[in-house]
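Colleague: As annotated in Swiss-Prot:
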{"type": "REGION", "residues": "1-33", "note": "region 'Disordered'"}
{"type": "COMPBIAS", "residues": "1-15", "note": "compositional bias 'Basic residues'"}
{"type": "DOMAIN", "residues": "37-148", "note": "domain 'RWD'"}
{"type": "REGION", "residues": "253-321", "note": "region 'Disordered'"}
{"type": "COMPBIAS", "residues": "267-276", "note": "compositional bias 'Low complexity'"}
{"type": "COMPBIAS", "residues": "307-321", "note": "compositional bias 'Low complexity'"}
{"type": "DOMAIN", "residues": "425-731", "note": "domain 'Protein kinase'"}
{"type": "BINDING", "residues": "Leu431, Gly432, Gln433, Gly434, Gly435, Phe436, Gly437, His438, Val439, Lys454", "note": "ATP binding site"}
{"type": "ACT_SITE", "residues": "Asp586", "note": "active site, proton acceptor"}
{"type": "REGION", "residues": "819-1219", "note": "region 'Histidyl-tRNA synthetase-like'"}
Amino acid sequence: MGRSSSKKKKKRGGSGRRGQLKDHGSNADEDNELLSEEITALSAIFQEDCKVVSDSRSPPQIAIKLRPYSKDMGYEDTDISAMLIVRCLPGYPYKCPKLQITPEQGLTTADAEKLLSLLEDQANSNAREGRVMIFNLVEAAQEFLSEIIPESHDEESVPCLTAHRSTQFIEQPMLSNIAKSCSGGPFVYGFIDLFSGLEDARNWSLTPDENRGIVSSVQSHPLDTSRILHQKPDKNLKRFEDHAKEEVALPAPIAKLNTVQEENVDDTSISSFDSSKSTDDVESGLFQNEKKESNLQDDTAEDDSTNSESESLGSWSSDSLAQDQVPQISKKDLLMVHLLRVACTSRGPLADALPQITDELHELGILSEEVLDLASKSSPDFNRTFEHAFNQNMASTSVPQFWEPPSDSCEPNASLPSSRYLNDFEELKPLGQGGFGHVVLCKNKLDGRQYAVKKIRLKDKEIPVNSRIVREVATLSRLQHQHVVRYYQAWFETGVVDPFAGANWGSKTAGSSMFSYSGAVSTEIPEQDNNLESTYLYIQMEYCPRTLRQVFESYNHFDKDFAWHLIRQIVEGLAHIHGQGIIHRDFTPNNIFFDARNDIKIGDFGLAKFLKLEQLDQDGGFSTDVAGSGVDSTGQAGTYFYTAPEIEQDWPKIDEKADMYSLGVVFFELWHPFGTAMERHVILTNLKLKGELPLKWVNEFPEQASLLRRLMSPSPSDRPSATELLKHAFPPRMESELLDNILRIMQTSEDSSVYDRVVSVIFDEEVLEMKSHQSSRSRLCADDSYIQYTEINTELRDYVVEITKEVFRQHCAKHLEVIPMRLLSDCPQFSRKTVKLLTNGGDMLELCYELRLPFVHWISVNQKSSFKRYEISHVYRRAIGHSPPNPCLQADFDIVGGTLSLTEAEVLKVIVDITTHIFHRGSCDIHLNHGDLLDAIWSWAGIKAEHRRKVAELLSMMGSLRPQSSERKLKWVFIRRQLLQELKLPEAVVNRLQTVASRFCGDADQALPRLRGALRADRPTRKALDELSNLLTYLRVWRIEEHVHIDVLMPPTESYHRNLFFQVFLTKENSSGTSNDGVLLAVGGRYDWLVQEVCDREHKMNLPGAVGVSLALETIFQHLPMDLRPIRNEVSTSVLVCSRGGGGLLVQRMELVAELWEKSIKAEFVPTPDPSLTEQYEYANEHEIKCLVIITESGVAQNQIEFVKVRHLELKKEKVVGREELVKFLLDAMAVQFRNPSVWS
C-alpha cells in the first residue's frame, strides 16, 4: 500500500488556502504553463524513471522512481527504492499537490511515513510562495534514502567512494545524538576577522601618488531603490532546464576520493605552477604560487598556453603599438598628443602638467579614452608610434624640429632629476640577489657607514604585487630587535630598464639606467619590456658581513657554551618575528647573519608569510625557488633539509611551527660539526627521511637529541614554539632569575610599590625622549605630515559614510555612540586579541575591538524590548612591530525584538542596499548558516569534539570562495590532504566532509531540500532548517535571491552567533571570467545568546533576542570602484565674495558673506584686507570656486552695497544683480547649475 497525504490534507482544510486560490484564480493559464514546463524538464532529467499520466478531465499525475544517490552518481546499485506519485491540483504551484509514497524494495513502512511527512512539509513551504517544487521534493527524497542505506551496502562500496555520495560510515548511535548541539562539543568560532589583512595597507603607504583615477560620476545623490537587483520570482524552471541539458548531453562525472590525482570533482583542472620562474616574476614581488605535485602537472598545459597568450596580447611592446594602435587612432589625435608633450616638457612653463591637462581634455570630450591611454604611456612607446605614423612627413619636411620629440624624452641625460641613490650612496660590491630584489654593499656618503641596499623593480601592471611588497617592507621596518636585521629607510625612484646592460645596476632617475638580471632564475627577458620606464623601490638595510653558513664551513672545534649562546640569540630573534605574526619560511644558515659585534641577526625575509596580511593575499602558496643570498641559492634544492614537511606537502594552513622545524636542523648543525660535505649530506638525509640520529651523538647529548626530535616532529602541533624554548629549554641565566623574582612579586604581593616603580620607569620623560630620538633616526621614512588620507580619498570616504548613514536612517535606526575605550576591569573579557594601553597611573585600558558588546550592556541596563540602532565608529586592531594600533572604520546596524528570520532579512536588506549604491549589481555573495545546523553537520560527519576547532579553522580557508566554484574545489584538495596528514582523521570521515562540501553547500534553493532529506529531523536541526527557509522566503519578497548561498561548513566569526548567522563577500571576476577569493565586507547574525548572558548576569531578566550586522567600511574604502565619484551637486557650489577697488572693501565683503551664510549658501572671501583682483582669481582657482560675487567701488553708496557683479568662471557669464535680489538669484541659478540661459538674461 502506498502512503498517501490525502487524509491529512482533508484534516487541514483551510480558509487560507481558499484565499490564495482566489488570488491566483485569474492566473490559471500561467500556472498551467509553469506546470507544463516543469513536466518537460522532469522528463528530461529523470527520463525512464519519470512517467506522466495526463487526462484532459483531471490534473496530471507524475510518478517518479526514487533511488539513493547511487547509480546516477557512479555508485553500485542498492536494494532500496520507492515510487513518488505527485498529483497536481488546480491552482498549483500555489496549492499543495497530493503526494503518495509507494515502497518498492528495502523501504520499511515507518521510513515511508517519515519520508511522506518530510515531503509534505517541504511541499507546503513551497506552495506558500507559489514555487514549482517537484524537483526539490525528489532531491529531498533521494537524500533521505541515501541516509537509510543498509550498512552492508556501505561496507561493500567504501573502496569506490565518490565526491557526491552520502555514505553511512558513522554508527547510528552517533547520528542520533545530533540534538546535543553545543553540549556535544565545543562551539567553534572566530577564525576570520572582519578586518583581516588591512593593518598595514592603511598605516603605511610608499606609493608616490595616492590620488585615484576617477572616471565618471554617480548621477543622483538620493538613494534609488530601483537599483537593487530585481529577479524573476522563480528560478527553478531555468535550473531544471540547465540540469536537463547536463543530464542529456553529458554523463555525470565520477571523481574518486582515494587518490590525490582524482580528488578534483566535475573535471575541474588543477593548476600547476612550474618551479622555474622568469626574471620578471622574481623581481615582481615576494609571493609567487608554490609548485604543485608532479602528478597534477599534465592537466594544465592548455591553461598555461592560454595564460601566456593572454599575457602576450596585453603587453605594450613598441611593435604592437606601432602596428595595432595606429589604425585605431587617427593621425590628428597623435599630433595633438605630440603637441601636448612638446608643451609640457620639463623645461617649459607647463612642466609635469601633462597628466592634468590630458584628464581635463578627456572630461571635455576632446580626447578619447584610447588617446588618453596613449598619452599616459612612456616616451619611447609614444615616439615609436608617432614615427611609424608620420615617417614620410618627417623625412620630407622642411622644418624637422617640429616633428622631433621633446628634448627631455629623447635626451634623458640632458636634464635628470636628482637620484637619491646615486647622490647618497657609493656602490662597493654586489652581495647577490635577495628574496625579492638585488642587493649591493654601499657606503653612505653622509655618515661613511656601510649598508646593504636592496633594489626592487615594481611592475606597473601588477598593482596587487606592488602593494603587497610595500606592505611587507613597511612591516619589516617595524621589526626592531637586537637579533633581527634592521631596515632603515626606503624610497622610490623612476628609471629605465636595459636588459642588455652590464653588471652595474645603478639607477639614473628618469634616464637610461642600467639593471642586470644576472644570477636570477631565468635570464630570458621579454622583448616588450625593453627600455620602458619603471619604478624602483630602494631599501636601506643593516649590513652584516658573515652568515652562519660561512661559520659552519670552518666549524671544526665544538664549543658547548658557544652553541648555547648562538641558539639562544637565534630563538630570541625568532620569538620576536613570530610574535609579530610573521613566518620566515626560509630559515636557513644562509639567512642567519653576524653583525660587526658577532651577534646573531635574522634576515632575508624574501619568502616570509605575513599571517596578519594573508587574508588579502591568499594565493595557495609561495614559490620556494627564489634566490635568497649571494652565498647560496635558497631554492628548493638549497633548502631541502630545512623545509618542513607541511610546506613540501602543500598544506594550505602553515603556521610558525614550520620555522621551528628549520630551527631543529640548524640546532643539530650547531651541536654536530661535519667533517666533509658528504658526511653532512648523508646524516641530514637520514635525519629528514628516517628521523635517524647518529647513535654516538645521541648518547653524548641525550637532552639535545630529545629537543631535536620535538623540533623536527612531523606534526607541527608537537613542536615547541620559540617562546616555549626560551622559557624551558635553555640553561638558566642569573639575570633571568632576578627578573622572574621581580615579576613574581609584582603579580602576587599586595604591596604595589614594586609595580608602581616599574610603571614610573616606563613613563620616565627622559627615557621616553631618548627613545623618541632613537626611533626617529632609525625608522623607515614615511610621509612627514600627519594627515592620514589625501583630499580625494577623504571625500570618497565621507561619501561612503553618508550613503551608509542614509540607509540606516531609512530603516528608522537611531544613532548611539560607543565609548572607544574602557578600563580593562569594567566588563567581562572574551578571548580576543584586543589592543590594551597602559596609563602612567598603572591602569590598563582596552580599545574597542567591536561595537556590539557595549550596545548589549545598554539594552540590558535600559531594558529595551524593541529598538533599532546604528553606529559608525573606529574599532582597533593590533599593529605589527613598533606601530600605533590600527583604526578600522566599522558600521553596525542592530534590531532588538521582532520575529526571528524577519529581522535577519532586514539587516541583510540594509547591507544589500548599501553595497548596491557603491558597487555594481550582483557583486556581493551572501553566505548563510545556522549554529545548530553546524553542530548537526559535525555529528553527521563524525568529527570528534577535540578535532572540531582545527577542522573548522582549515575549512574557514575556503569560506571566501563561492560554494561549488572550481576555485573552492581546488582549495579542498589541499585541505583534505592536511585533514588526513595532520589531524589523522579517518578517510571515511573526510569523505563525509567532502560530501557536505559538494552536496549541502551551494545555492540556497538547492542545498536546503538536500539538507532536509539528509539530516535527522530532531528538534534543533528542524528548527534551524525552518528558520533558514523562512529567511529565504522573506529575502525573496525584497528581491534578494541571486548569489544567496548556504554554507553549512562556515563557522561564525563571533562566539555569540549561535543561531542564524551570515557573511557577505565582495566578489571580483578575474580575466578568465572566474571569481577570485571574495573580500569579506560584513558579518552578522542573531545574538540572543549574548543578550541572555548579559541579562542573566546583571539583571536576572529575560529580554527578546536581537540581530545585527557589522560592515567593514575600511574594506569598502580599499575596494571602491574606479567609476565612483562623490556627488558634487552644483546646488552646493561655493561662492567667493570679491572686491575691486575701494581699498579692499573688507567690511562690505564681511557683511555680504555673513548674509550668504545665514541663507545656507556656501561662501568665503580672501582673508586679507586689500587683495588684488588677480590674487582673488588665483584664490578661486586654487580652491576650485567657479562663482564670484564682485563688489565694485561704484556699486557701494554710503558704505552700503547697492549692486554686485556675479561672474561664472567656467561658463564665462556675468550679470549685474541688485543687493536685494542677490540671494534669490544665487539660489535660482544654483538650482539649474547656472546653465539655464534665462538665468543670465
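Quick reminder: no glycine exception, Cβ is built from N, Cα and C everywhere.
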Colleague: Counting across all protein chains shown, how many other Cβ atoms sit within 10 Å of the Cβ of Gly437 (ATP binding site)?
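Modeller: Excluding its own Cβ, the number within 10 Å is 21.
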Colleague: Determine the mean pLDDT over the domain 'RWD' (37-148), rounding to the nearest whole number.
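Modeller: Averaging the confidence scores along the domain 'RWD' (37-148) gives 81.
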Colleague: Under the DSSP assignment, what numbers of helix, strand and coil residues are found in the domain 'RWD' (37-148)?
Modeller: 51 helix, 30 strand, 31 coil
Colleague: Starting from the Cβ of Leu431 (ATP binding site), draw a 10 Å sphere and report how many other Cβ atoms land inside it.
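Modeller: Leu431 (ATP binding site): 19 neighbouring Cβ atoms within 10 Å.
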Colleague: Just give me the nearest neighbour of Asp586 (active site, proton acceptor) among the binding-site residues Leu431, Gln433, Val439, Cα to Cα.
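Modeller: Smallest Cα separation from Asp586 (active site, proton acceptor) among Leu431, Gln433, Val439: Gln433.
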Colleague: Just to verify: the residue among Gln433, Val439 with the fewest other Cβ atoms within 10 Å, which of the binding-site residues is it?
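Modeller: Fewest other Cβ atoms within 10 Å, among the binding-site residues Gln433, Val439, is found for Val439.
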Colleague: For Asp586 (active site, proton acceptor), just give me the three-state DSSP call.
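Modeller: Once the DSSP labels are grouped into three classes, Asp586 (active site, proton acceptor) ends up as coil.
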